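> Let me give you the structure first, and then I'll get to my questions.
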Amino acid sequence: MIDLCVLGTTGGMPMVDKYLSATLININGRKILIDCGEGTQVAMRKIGWGFKSVDLICITHSHGDHTIGLPGLISIMGNSGRTEKVTVVGPKGIKEIVNGLNVINPYLPYELEIIELENNDLKFIIDKNNMSLCEDNNKCNLILSSLEVEHSAKCLSYSFYIKRRPRFSVEKASKNNVPKPLWSKLQNQEIINYDNKIYTPDLVLDNARKGIKISYVTDTRPISAIPEFIKYSDLFICEGTYGSDEDIDKAIKNKHMTFRESATLALNGECKELILTHFSPALSEPESFVDNAKQVFHNSSVAYDGLIKTLKFID
């Protein structure tokens, strides 16, 4: 089960009633934060999910409304007792940005690893205590993909594929004459040399089961590569800076999207659900424009600060 919270929904500047656009994903107690503008720490405190268990921070781009909250968050994570490494990913140039912002935190009780991405994937293994990089495709249970999009600064979109472990098959293990003492290790994707014979996980596991895909796209024009990148997403979170179709010229000029454009991406990407966020400060009632999205992609909705969504694996 995966819980997701839209922490903030506005772009450009924090508002009295809206925090800056940011989203927190909770996978079995380990957390991924997407963007960290001014006030994100306060929004996180409101939902009560804690700071210590944030293992991965994904920054879409360097603009202040997506980064200025980082120094405070990095500090409070240390004050919360964090000692394990924290990974920050973002587009090329993010190392300089994060290191510059973080000059006020010279002494941290944990390692801060910063990785610059360019349309590539990272694999992670998530357990109850941490989320760490993993090279073994069989052992990893989270695949993070990135796509460079079109904005006034280098900007990345992200997709998160949470893998699901195959079911253990007693019938298959027995048929393949796998010794019972090896079953649990093989179920945990280990390869074992036992009595001069190699035993592999496929000897005891059924076929792979479908995981959950979450895609996050913000601060971009609707470029042609996005539908394939978000293909078959269970949840597509996308910017909708402008609700009205009449604001298309503003969207083009400022390299953002209208609700209708975002919905078209969801339709072409064959997504299950679209949640719109990152609204212009001038868009005081984004829900009044939701029909512009629904006319294109019916399962569209408008986010609000503190929205929590639960996604479950389907057998």
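Using N, Cα and C of the backbone, Cβ positions are placed for all residues, glycine too.
As annotated in Swiss-Prot:
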- HIS61, HIS63, HIS151, ASP219: Zn(2+) 1 binding site (BINDING)
- ASP65, HIS66, ASP219, HIS278: Zn(2+) 2 binding site (BINDING)
- ASP65: active site, proton acceptor (ACT_SITE)
> I need the neighbours of the Zn(2+) 2 site defined by ASP65, HIS66, ASP219, HIS278. Which other residues of that chain put their C-beta within 8 angstroms of the C-beta centroid, in sequence order?
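Here the nearby residues are GLY11, GLY12, LEU20, SER21, ASP35, GLY37, THR60, HIS61, HIS63, THR218, GLU239.
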> Please name the residue among the binding-site residues ASP65, ASP219 whose C-beta has the most neighbouring C-beta atoms within 10 angstroms.
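Neighbour-count leader: ASP219.
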> List every residue in the same chain as HIS61 (Zn(2+) 1 binding site), at least 6 positions away in sequence, whose Cβ is under 8 Å from its Cβ.
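GLY90, PRO91, HIS151, ALA153, LYS154, CYS155, LEU156, ASP219 - these are the non-local Cβ neighbours of HIS61 (Zn(2+) 1 binding site), listed in sequence order.
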> Enter the number of other CB atoms within 10 angstroms of the CB of HIS66 (Zn(2+) 2 binding site).
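Other Cβ atoms within 10 Å of HIS66 (Zn(2+) 2 binding site): 28.
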> Would you mind checking how many other C-beta atoms are within 10 angstroms of the C-beta on HIS151 (Zn(2+) 1 binding site)?
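Here the count is 20.
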> Judged by the number of other CB atoms within 10 angstroms, which among HIS63, HIS278 is the least packed of the binding-site residues?
HIS63
> Using the centroid of the Cβ atoms of HIS61, HIS63, HIS151, ASP219 as reference, list every other same-chain residue with Cβ within 8 Å of it (recorded Zn(2+) 1 site), in sequence order.
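Not counting the recorded site residues, we get THR60, SER62, HIS66, SER152, ALA153, LYS154, CYS155, THR218, THR220, LYS255.
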> Looking only at C-alpha atoms, tell me how far HIS63 (Zn(2+) 1 binding site) is from HIS278 (Zn(2+) 2 binding site), rounded to the nearest Å.
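Computed Cα spacing between HIS63 (Zn(2+) 1 binding site) and HIS278 (Zn(2+) 2 binding site) is 13 Å.
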